[in-house]
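Features reported for this protein in TrEMBL:
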type	residues	note
BINDING	12-19, 59-63, 123-126	GTP binding site
DOMAIN	4-173	domain 'Era-type G'
DOMAIN	204-281	domain 'KH type-2'
REGION	12-19	region 'G1'
REGION	38-42	region 'G2'
REGION	59-62	region 'G3'
REGION	123-126	region 'G4'
Amino acid sequence: MSTRAGFVALIGEPNAGKSTLLNRMVGAKVSIVTHKVQTTRARIRGVAMEGDSQIVFVDTPGLFQPRRRLDRAMVAAAWGGASDADVIVLLIEAHRGVTEGVERILEGLADVGQGRRVALAINKIDRVEAPRLLALVQKMNERFTFAETFMISAERGHGCDDLRRWLAAEVPEGPWLYPEDQIADLPMRMIAAEMTREKLTLRLHQELPYQMTVETENWEERKDGSARIDQVIYVMRDGHKGIVLGHKGETIKAVSKASREELTEFLGRRVHLFLQVKVRPGWLEEKERYSEMGLEFRDGDG
Ligand SMILES: Nc1nc2c(ncn2[C@@H]2O[C@H](COP(=O)(O)OP(=O)(O)OP(=O)(O)O)[C@@H](O)[C@H]2O)c(=O)[nH]1
C-alpha cells in the first residue's frame, strides 16, 4: 500500500466558511477560539483521512485581518503557512463574488501561488442562481490559474466529498504524518497548547521569547471524568527559561492557572494541567525543518 500525506492551507476571508468546511472534511467538530493573539504561526486545524491519504489542514491566522501597519515582511510571514503547504484551497463566497478582500488574496496568490497547486472552492452555492455562479467561476479563473474549481456548500455538504477526494490525490506520496490513533484528539491537543501559549503571551508581553513553543505531550482521560494534560514549553536558551518561570515560579504558576481555567471551561470538566519548561537549543533547526511543512513558527511571530 502506498500512502500519501501532506499539508493543505485553507485560505479565505473571515466568514468564508473555513471552519464549516473543515468540520465537514475532518468529520469532527474543531473550533479554535484563541484568535485574540496575533500570531503568524501556521497551526493545524485538523486531519482528514481519505483512503490511504492523510490530509493535514493548516491555517494562516493574521493573513486577512490587516493590522494598522502591515509591512511586507509581515505579509510574507503571514503567507508562510500557505506557501509551505502542498496544496492551497482558496475559499470564497458565491453570493459576494470578487470582493476587495478576495482581490487582495488574488494579489498575494500571484506571488505565493506560482508553481503550486491552488484549488478554488466557491462556497455557499445554495445562495446563488446557476448563471451567476458560472460567471464567477469564469471571472476567477481568468484571474488565476486554478488547478481545479469546486462549487460547494460547506453547510449542506454539496461538493465536499469531491474536494476531499481531490485533495487526497494531490498530497504527495509518503508516510502518514500522524499516527492514526492520535488524529482524533490532535486538534484538542493543539487547542490546549495554543491556550497555554496565549496565556504566556498575555503574561509576558514584550518579554516573550519568540522562539518558544508549547506542545501537549500527554492527554489522559481519567475515570472520574477529569482530564490530565501534560504540556512542555520549549525555549531556546537557559535565560528564557527563567523568564517563563518568573520570580519564584510566579509566572508559570499564573499561566498554568489561567490556562487550566480556560481549558476547564472549554472542555466542560475538570482539568489537571502540568506544565514543564525545557530548553531545547536545537529547536531552531527543527523549527526550520518543521516550517518547511507549514508547521511551526514563522519569524516575526509575537
Ligand atoms: N448559506 C450558507 N452558509 C454557510 C455555508 N457555509 C458556511 N456558512 C455560514 O457562514 C458563516 C461563516 O462560516 P465559518 O465557517 O464560521 O467561516 P470562517 O471562514 O471559518 O470564519 P472565520 O473564523 O471568521 O475566519 C456561518 O454562519 C456559516 O453557517 C454554506 O454553504 N451556505
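Just so it is clear, glycine is given a Cβ too, placed from its N, Cα and C backbone atoms.
Each residue in the region 'G3' (59-62) has a pLDDT score, and their mean in this model is 59. When DSSP labels each residue, the domain 'KH type-2' (204-281) comes out as 33 helix, 28 strand, 17 coil, counted as helix, strand and coil in that order. In the three-state DSSP scheme, Ile125 (GTP binding site) is classed as helix.
Broken down with DSSP, the region 'G1' (12-19) shows 2 helix, 1 strand, 5 coil.
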